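Engineer: Structure incoming, see below.
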Ligand SMILES: Nc1ncnc2c1ncn2[C@@H]1O[C@H](COP(=O)(O)OP(=O)(O)O)[C@@H](O)[C@H]1O
Ligand SMILES: CC(C)(COP(=O)(O)O)[C@@H](O)C(=O)NCCC(=O)O
Ligand SMILES: [K+]
């Protein structure tokens, strides 16, 4: 079995992969005796990751860290300084290119930040944007203004706000939706495939018809990175 670890700036996610099947797992109860390799990607700092790597060491499980490269197969990174691209973005692009070949894709990963990346049908990463995640947008306003306040029970919607929490939350949502609409202007395809992953992916996906929600997109990309890189 292969253990996959994705460390973001908010949360560490783990999954076990067997015969291509990816299942989220709890890192506090890992079946170390059945794990024969650990593949991980890290954009945030994580004491938890260091603990897991030392456990792997004690069980003699080989560990491999995913890194961004200029090219991987027919996929090409838009960044000149490719090492500066977030590895989670690169992994999501690997998964999108593998799962939706020959299609222009727009990959949206909503985590601490919301990242939007445009990928051509030929596997050319055209670039993208980094936005504050929905929670970061609302928290930055409530913490830096006197009179803007949130309501945990208020839903995110694209309706006009008729009270402060609506104005706050709906503003964060429509700003993110607007950025995704802008990304569509950068693909030549009439109907690019929109693929959503991350904490608020399900919420955002509902605003785009034909869009895909894949909670395991980054994990699939991590697994494919290893398969493509180990040979
Ligand atoms: N199930 C959920 N429902 C709503 N928001 C979520 C959920 N899970 C995570 N989030 C939000 O998404 C962000 C964390 O998601 P995640 O993709 O784990 O982030 P990261 O990859 O940056 O660690 C936080 O802003 C959190 O509030
Ligand atoms: C933008 C990110 C912080 C998103 O990470 P996350 O929200 O998943 O924690 C991450 O992709 C990152 O650290 N990027 C480096 C800068 C760049 O991609 O240009
Ligand atoms: K992420």
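Cβ coordinates come from backbone N, Cα and C, glycine included.
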Engineer: Can you match one of 98, 110, 112 to the ATP site that TrEMBL gives for 6, 7, 8, 9, 10, 11, 12, 13?
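Structural biologist: For the ATP site that includes 6, 7, 8, 9, 10, 11, 12, 13, TrEMBL also lists 112.
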Engineer: Please identify which of 59, 79 is recorded by TrEMBL as part of the substrate site containing 86, 87, 88, 89, 164.
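Structural biologist: The record-listed residue among the candidates is 79.
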Engineer: How many other Cβ atoms are found within 10 Å of the Cβ atom of residue 109 (K(+) binding site), counting all protein chains shown?
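Structural biologist: The answer is 27 other Cβ atoms.
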Engineer: Measure from the Cβ of residue 164 (substrate binding site) and count the other Cβ atoms within 10 Å, all protein chains considered.
Structural biologist: 16
Engineer: Excluding near sequence neighbours, so keeping only residues 6 or more apart in the same chain, what lies with its CB under 8 A of residue 87 (substrate binding site)?
Structural biologist: 41, 42, 43, 66, 67, 68
